[in-house]
Amino acid sequence: MKRTMFKSKIHRATVTHADLHYVGSVTVDLDLLDAANILPGEQVAIVDVTNGARLETYTIAGERGSGVIGINGPAAHLVHENDTVILITYAQMTHEEARAHEPRVVHVNQDNRVIQLGNDPAQGIIPGLLRPPFALNNPAL
């Protein structure tokens, strides 16, 4: 049996542009893709912190160091320039792989520059923001 597990995320990125008339996808700075272990063409879930919208699409590599997070195509109806988003990937793993897996969590600033790397999906970096109630720190599976 395979399990679908959280693989990586780019946390609280700022959308730099939204282009309704592009074919589709999300353009992401290659530095961010590398930091999060996300490949161009990989499926991602996008959660819009600003308005609560959720969608799935695939990544396109953006210029390295540009900070680009560009929403392309019909998703631009849901996610807009300057919205705060979380890009999430999942992977299918065996039970043994899941037990050994350490996800990649990439925290970015408002300019989409990496400010912290980690592997705890519940750990925030916003001052005063606590872990979710009852969230364990790296529990054994």
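A Cβ is built for glycine as well, from the same backbone N, Cα and C atoms used for every other residue.
Annotated active site, schiff-base intermediate with substrate per Swiss-Prot: SER25, in sequence order. Its own atom aside, the Cβ of SER25 (active site, schiff-base intermediate with substrate) has 18 Cβ atoms within 10 angstroms in the protein chains shown.
The secondary structure of TYR58 (active site, proton donor), as reduced to three states from DSSP, is extended strand. Applying an 8 A CB threshold to same-chain residues 6+ apart, the list for TYR58 (active site, proton donor) reads GLY24, SER25, VAL26, GLY41, GLU42, GLN43, VAL44. According to Swiss-Prot, the active site, proton donor annotation covers TYR58.
The DSSP secondary structure for GLY73 (substrate binding site) is helix. Swiss-Prot lists THR57, GLY73, PRO74, ALA75 with the feature substrate binding site.
SER25 (active site, schiff-base intermediate with substrate) falls outside any helix or strand according to DSSP and counts as coil. Here Swiss-Prot flags SER25 as pyruvic acid (Ser), drawing on sequence analysis.
Taking Cβ-Cβ distances under 8 Å and a sequence separation of 6 or more, the neighbours of PRO74 (substrate binding site) in its chain are LEU20, GLY24. Across the residues the record lists as binding substrate (THR57, GLY73, PRO74, ALA75), the two Cα atoms farthest apart are 10 Å from each other. Taking each of the binding-site residues THR57, GLY73 in turn and counting other Cβ atoms within 10 Å of its Cβ gives the largest count for THR57.
Sequence-distant neighbours of ALA75 (substrate binding site) (same chain, 6+ residues apart, CB-CB distance under 8 A): ALA18, GLY24, VAL26, ILE46, LEU55, THR57.
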